[in-house]
Amino acid sequence: LRAHAVDVNGNQVENPIDIVINVIDMNDNRPEFLHQVWNGTVPEGSKPGTYVMTVTAIDADDPNAQNGMLRYRILSQAPSSPSPNMFTINNETGDIITVAAGLDREKVQQYTLIIQATDMEGNPTYGLSNTATAVITVTDVNDNPPEFTAMTFYGEVPENRVDVIVANLTVTDKDQPHTPAWNAMYRMTGGDPTGRFTILTDPNSNDGLVTVVKPIDFETNRMFVLTVAAENQVPLAKGIQHPPQSTATVSITVIDVNESPYFVPNPKLVRQEEGLLAGSMLTTFTAQDPDRYMQQTSLRYSKLSDPANWLKIDPVNGQITTTAVLDRESIYVQNNMYNATFLASDNGIPPMSGTGTLQIYLLDINDNAPQVNPKEATTCETLQPNAINITAVDPDIDPNAGPFAFELPDTPASIKRNWTIVRISGDHAQLSLRIRFLEAGIYDVPIVITDSGNPHASSTSVLKVKVCQCDINGDCTDVDRIVGAGLGTGAIIAILLCIIILLILVLMFVVWMKRRDKERQAKQLLIDPEDDVRDNILKYDEEGGGEEDQDYDLSQLQQPDTVEPDAIKPVGIRRLDERPIHAEPQYPVRSAAPHPGDIGDFINEGLKAADNDPTAPPYDSLLVFDYEGSGSTAGSLSSLNSSSSGGEQDYDYLNDWGPRFKKLADMYGGGDD
């Protein structure tokens, strides 16, 4: 504070002075930890003096005085195993370190410490204190190797099976599950030189799964004895006295199963000349059964595939014989090769079978004579130009095919007289006219073609030559006429059949049209089910509303086509649609059609007559379409006189009919009153 001395007049009498007031701290605040719960970790097996964590508290009092000087200490440790003082704390800094050995996660996984902070430099008498909790987790290290639960494991596997688990290897590891220190790896150290097995690790159970990866033959190996080692993914911690791995033995028994027979060799190749006759022995095709230790009878053979049905096999000894002549030119032979498949079956449980393919390479023989190609040709009737190029076709192959020899036969004599043939290459020749002119038409020219086989094969092929008139360019001008004249019997029959079918179709169409017309005429007399008038009431007109308000379809009500003359009808009997002939109230005469089509036309005619009559009543009044006719047995309504009072009748009997007729009795039975 600054103080001033002044007189009563306010004049300064002394220099101002400063007054300093020091606030002396009192210990009125407890220490406060930054966190109420502190978490830390320490690896198991840590040596004494290993740093764990630091706890911190603050005090609002003067940090330079004893009121704000804090000191830390551990009040308790839980659990107290293996020692009650496993940790210590620096009383000034709050650093927690280990002071004893023996941290083992497999025994104690977590410690809980109660930490106290006291001011007044830790004076328990005058200082204020507060507590917090320190949770120390012991982390795992690989201090325990995996150990097999048994020294020997057993398993079995059927032969020829793969991807099959044959044994389950179980281990125990005290380290924390699903960590690299717990995960086990398995390897085979002996007993599997060919690599038929592998061991996979189950990630959930840590078991080793011995799996077959290559087929095993019982007849070769009946049992395997494997040596297996297990170790962790990470090496053991330093100073651990246990061995780093555990070993065990796996004994695997192979189960014999019924295996399929197999042909030897497969496929089997046989070279054979074509033309082998039916019933000839071709070869023997047998199979072997790999099951040497099973009690089985001999194999049975059957045919599985034989496209041309040329072969059969003996079911006991596998001898194959022919059932037809082998033909290299068959459509079932590809590149001189014919394939057939056979089946060998045993009687095991379950029965098994195997297939084998027999390949027959057919050697060509000269069993086909050459033929001319094309079968038809066209030439001019004059000498020039008249060359026809032809080709010899032979299904056989060299040396039983070309070059070919072409010649004309000696008979009939007209062939050589009219034609000549010249070979221009091994497979081609030219046929031409020998004479200067040959009449247009179709000629069959036989040609003898001989191949180069040993012995030779020859045939006489007929070339159909169409001789025609040609223009200056050598093109036929009457080829259509020649072709038409040369139609074969088959073509003519086909044309006739087409004409007959067309006529039948036309006749059927005509019959159908006539039948449809008859049905249409018959339907005109029928009534549509929706318009059936039976058990229904049809309105022809209404008294009020006018005829324009009505729209009735009366087309189905037909009228007979003829009207009988009046002369032949008895007196007093008339048609309802005829006008009266005696003196009746006169109505406008409508135009009478001699033969009205139906009642609808009849009514419409009356409607038009009424509409055009200037003396007719208005539309909303009763319209008279026609006279009802005479001879009615009912009396006329005009005899009822509405003006009569009825006083002459006696209505006293109404009083006897009860109270319901009392009103009528009063009205009519009371006399004049």
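Each residue, glycine too, has its Cβ placed from N, Cα and C.
Taken from TrEMBL, the feature domain 'Cadherin' applies to 1-33, 34-148, 149-263, 264-372, 371-477. Summarising the annotation, TrEMBL assigns transmembrane segment to 491-513. Look at TrEMBL and you will find 630-651 tagged as region 'Disordered'. Marked as compositional bias 'Low complexity' by TrEMBL: 630-647.
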**Study point:** Long-range environment of the domain 'Cadherin' (1-33) - Cβ separation under 8 angstroms, sequence gap at least 6
**Key:** 55-62, 65-68, 70, 115, 117-120, 126-132
Check your understanding: Excluding the flanking five residues on each side, which residues at least 6 beyond the ends of the transmembrane segment (491-513) place their CB within less than 8 Å of a CB in that stretch?
Key -> none
Check your understanding: In the domain 'Cadherin' (1-33), how many residues does DSSP assign to helix, to strand and to coil?
Key -> 0 helix, 14 strand, 19 coil
